[in-house]
Amino acid sequence: MKMTKKVLVAGFMGAMGQKAVNLVNNMSGFEVVAGLSPIAEDNPEQYHLPASAKIFKNLTEIPDNLADFWIDFTTPKAVYENVKFALQHHIRPVVGTTGMSDEQEAELIVLSKKEKVGGLIAPNFGMSAVLLMKFAKEAAKYFPDVEIIEMHHADKKDAPSGTALATAKMIAENRPEHQTAPDEVETLKNVRGGDYQGIKIHSVRLPCYIAHEQVLFGGPGEALTIRQDSFDRGSFMNGVKVALEKVDQLDELVIGLENIL
């Protein structure tokens with residue numbers, strides 16, 4: 001008889017958290033056993049959690065051996081401590097929260113290896129975003145002049161998006177060292193956007209948007225634009241489902257959905 005896999009959802013009150021709760025509720029062999037939120041009321045059914053699910057307001061309340069998986073859609077301020085806690089308690093994290101530094105991610109990878117606990121941090125769970133990054137990395141071999149525009153909803157806490165930063169890192173790995181317009185002068189501070197190893201990143205925050213990204217390449221007499229659009233948060237759930245099904249095959253923390261596909 002197959003054992004039911006137990007899932008804790010951190011940030012279950014948010015839009016992505018609710019999508020994750022709905023996903024797990026409809027997955028065979030998985031069950032939401034708990035939620036973590038500092039502001040939730042102790043009424044799990046109000047948040048579409050099973051009636052038996054426990055709601056915790058902080059990490060210190062969570063008992064040992066509660067869950068097998070930890071889905072995290074919280075905030076940039078909370079995510080590092082959340083994932084650290086999960087790894088220390090041998091709960092496999094599936095993390096969609098962005099905003100951690102490279103140093104924090106590196107520390108968590110070291111911890112996961114020490115504890116021999118697999119997990120995933122994904123800047124984006126959408127398949128279109130994963131493919132955009134893959135295609136952009138390939139194009140960078142031939143078009144070193146490139147800029148990134150990412151557009152998200154007005155409530156997004158971090159900028160640039162984790163997807164845009166991950167895209168820039170992948171491009172930088174595959175691109176000759178290059179600085180576009182090295183002699184430019186800004187007459188309005190930061191008008192040219194953020195800079196990652198010579199790659200300009202522009203962040204747009206507006207109502208009505210969900211998650212969108214364009215990578216613009218320019219060359220002599222030609223241009224290439226790669227774009228992806230997420231029109232509904234439900235589009236990310238296929239990636240979360242894949243992660244839940246695969247992370248128990250890992251013995252360390254992995255960055256990027258593309259690395260488990």
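Any Cβ shown, glycine's included, is placed from N, Cα and C.
Some features that Swiss-Prot has for this protein:
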ACT_SITE  His152  active site, proton donor/acceptor
ACT_SITE  Lys156  active site, proton donor
BINDING   Gly11, Phe12, Met13, Gly14, Ala15, Met16, Gly96, Thr97, Thr98, Ala122, Pro123, Asn124, Phe125  NAD(+) binding site
BINDING   His153, Gly162, Thr163  (S)-2,3,4,5-tetrahydrodipicolinate binding site
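Sequence features, as recorded in Swiss-Prot, placed on the structure.
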residue: Gly11; record: NAD(+) binding site; Cβ within 10 Å: 23
residue: Met13; record: NAD(+) binding site; Cβ within 10 Å: 20
residue: Ala15; record: NAD(+) binding site; Cβ within 10 Å: 13
residue: Gly96; record: NAD(+) binding site; Cβ within 10 Å: 26
residue: Thr98; record: NAD(+) binding site; Cβ within 10 Å: 23
residue: Pro123; record: NAD(+) binding site; Cβ within 10 Å: 23
residue: Phe125; record: NAD(+) binding site; Cβ within 10 Å: 28
residue: Lys156; record: active site, proton donor; Cβ within 10 Å: 18
residue: Gly162; record: (S)-2,3,4,5-tetrahydrodipicolinate binding site; Cβ within 10 Å: 21
residue: Thr163; record: (S)-2,3,4,5-tetrahydrodipicolinate binding site; Cβ within 10 Å: 26
Would you identify the secondary structure of His152 (active site, proton donor/acceptor) according to DSSP, in three states? strand
Within 8 Å of the Cβ centroid of the (S)-2,3,4,5-tetrahydrodipicolinate site residues His153, Gly162, Thr163, which other residues of the same chain have their Cβ? Thr98, Pro123, Asn124, Glu150, His152, Lys156, Asp158, Ser161, Ala164, Ala211
Determine the Cβ neighbour count for the residue listed as 'active site, proton donor/acceptor': the number of other Cβ atoms within 10 Å of its Cβ. 23
Roughly how many angstrom lie between the C-alpha atoms of His152 (active site, proton donor/acceptor) and Gly96 (NAD(+) binding site)? 15
Cα of Phe125 (NAD(+) binding site) to Cα of Thr163 ((S)-2,3,4,5-tetrahydrodipicolinate binding site), in Å and rounded, measures 10
Work out how many Å separate His153 ((S)-2,3,4,5-tetrahydrodipicolinate binding site) and Ala15 (NAD(+) binding site) at their Cα atoms, rounded off. 12
Can you tell me how many other Cβ atoms are located within 10 Å of the Cβ belonging to His153 ((S)-2,3,4,5-tetrahydrodipicolinate binding site)? 14
What is the separation, in Å, between the Cα atoms of the residue listed as 'active site, proton donor' and Pro123 (NAD(+) binding site)? 13
Give me the CA-CA distance between Ala15 (NAD(+) binding site) and Gly162 ((S)-2,3,4,5-tetrahydrodipicolinate binding site), in Å, as a whole number. 18
If I take the alpha carbons of Thr98 (NAD(+) binding site) and Gly162 ((S)-2,3,4,5-tetrahydrodipicolinate binding site), what is the distance between them in whole Å? 5
